[in-house]
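Taken verbatim from Swiss-Prot:
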type: ACT_SITE; residues: 154; note: active site, proton acceptor
type: ACT_SITE; residues: 158; note: active site, lowers pKa of active site Tyr
type: CARBOHYD; residues: 46; note: N-linked glycosylation site
type: CARBOHYD; residues: 110; note: N-linked glycosylation site
type: SIGNAL; residues: 1-22; note: signal peptide
């Protein structure tokens, strides 16, 4: 039985991905910083799909050492894994009101952590007897291609994740690395949690500007999950970013077109 690791899986898109893969007989390790919703999500999957389907592991991606612990937990608990889903994200805005820690955490969670997790997963698969075919899918954002002043660090990190994915097609002959880049999602980030208090207004200070631009019609979490599953199952996808738009559908980018 295949096993998938999913970061940011306690709710929203991550949980939808977990459900979609569980329906395809995957075992799931859900990781998240939410120690209430995470275990509850794992319990629900076990109730629906059978005991042993899912396990929860607390993982704060702002600390890369916790990624090592997540992979070790999965290997010890599930006997290994064949799929890594880098779904977790972190967004704070507006840009000109951010602290140094806000900026650092956005870059780490949205860019450095997926890069490091992918590297460690590939090294794990490469070290297995005769090697093992593996699959990595990262959930980036339409901000990879077009971003806004108030969320500039987030957009920069997501653009980096897309560029990393384009290059990743050459990493290993048996490992496929792809990404999905959705526009605004119906659940999305909690606007109140993402805001940093400020009395200033204007470019770089107004987090609603990108919501207006991106949120005319929002994707459903299930639509994003379906695209992730496509990346997992389609053996012909290498180093691609699937841009998801609620109106225009899916566009596949390879870094050259």
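In case you wondered, yes, glycine gets a Cβ from its N, Cα and C as well.
Overlay of Swiss-Prot feature records on the structure.
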| residue | record | DSSP (3 states) |
| --- | --- | --- |
| 46 | N-linked glycosylation site | helix |
| 110 | N-linked glycosylation site | helix |
| 154 | active site, proton acceptor | helix |
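If you compare Cα positions, residue 46 (N-linked glycosylation site) sits closest to 110 out of the recorded positions 110, 154, 158. Comparing local CB density within 10 A for the glycosylation sites 46, 110, the maximum falls on 110. Within 10 Å of the Cβ of residue 158 (active site, lowers pKa of active site Tyr) there are 27 other Cβ atoms, across all protein chains.
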